[in-house]
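Q: This structure is in structure tokens; I'll ask about it shortly.
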Amino acid sequence: MLLATFKLCAGSSYRHLRNMKGLRHQAVLAIGQELNRRTLGDSSPGWISQVRRRSSLLGSQLEAALYSEQELSYIQQGEVAMQKALSILSNQEGWKKENQQENGDEVLSKVVPDVGKVFRLEVVVDQPMDRLYAELVDRMEAMGEWNPNVKEIKVLQKIGKDTVITHELAAAAAGNLVGPRDFVSVRCAKRRGSTCVLAGIATHFGEMPEQSGVIRAEQGPTCMVLHPLAGSPSKTKFTWLLSIDLKGWLPKSIINQVLSQTQMEFANHLRKRLESSSASEARC
């Protein structure tokens, strides 16, 4: 019912509302608030509560400018993905340990109704949060330079200050048992107080059809959460919720191994990248 209402307000009635900017703003803002209210629970870790209390992606973006019907749809997809991912992270029950390293890095997993199996990476990075945010958001397209699991990331479209459509080409994995995949996703990034959330989910983008020789996989809902480590603001607590449908026929054991290992490797590659950039800045 809610999605039908959104379509009516932001889609089917677009021509009628295009000369009624104030009403159009109010309609979409109300829908954003209702999405938040229905998705969020009452009990969650402090950093999630902080983001939830102050997060209204639709509201903040629509106050800045008006968007096309398709752009509004992308914004809504990003908002729903963020709230769904935060809802999954806020539920502390049912997580099982998949992998743990001596330095404390760990990957947990659980099965979520209507989503499937999700993986949760928990690490502490010895770098300030702003450095991670800059690397993961501002320099997103450079990820292929330091993460061998990613061949390329391109921003296909930017919508406002928080939302982008991306195409990601992933390298083969598990000794080529898992061939190359690509993903088309809508991503949104929110900074609220001392917490940053980077969320995403698979979407359709007409200008990026499926590529020959590459399986189009789907992400989502997924998110990365960054916030200063309590008592050590120069360090960052990094949480990555990963939900992926790799498509194709693959044994579950292979999928579980690939995804948990991918998260562990990502943490190591990210640390090396940040250490390298810090050293370069120190020499300048």
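Positions of Cβ are set from backbone N, Cα and C atoms, glycine also.
Got these off Swiss-Prot a minute ago, pasting:
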- 66-279: domain 'START' (DOMAIN)
- Ser56: phosphoserine (MOD_RES)
- Ser194: phosphoserine (MOD_RES)
- 1-62: transit peptide (TRANSIT)
Q: I want to verify one value. Collapsing DSSP to three states, which class is Ser194 (phosphoserine)?
A: coil
Q: Using a 10 Å cut-off, grab the number of neighbouring Cβ atoms around the Cβ of Ser194 (phosphoserine), all chains included.
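A: Within a 10 Å radius of the Cβ of Ser194 (phosphoserine) lie 12 other Cβ atoms.
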Q: Could you tell me the mean pLDDT the prediction assigns to the domain 'START' (66-279)?
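A: Looking only at the domain 'START' (66-279), pLDDT averages out to 94.
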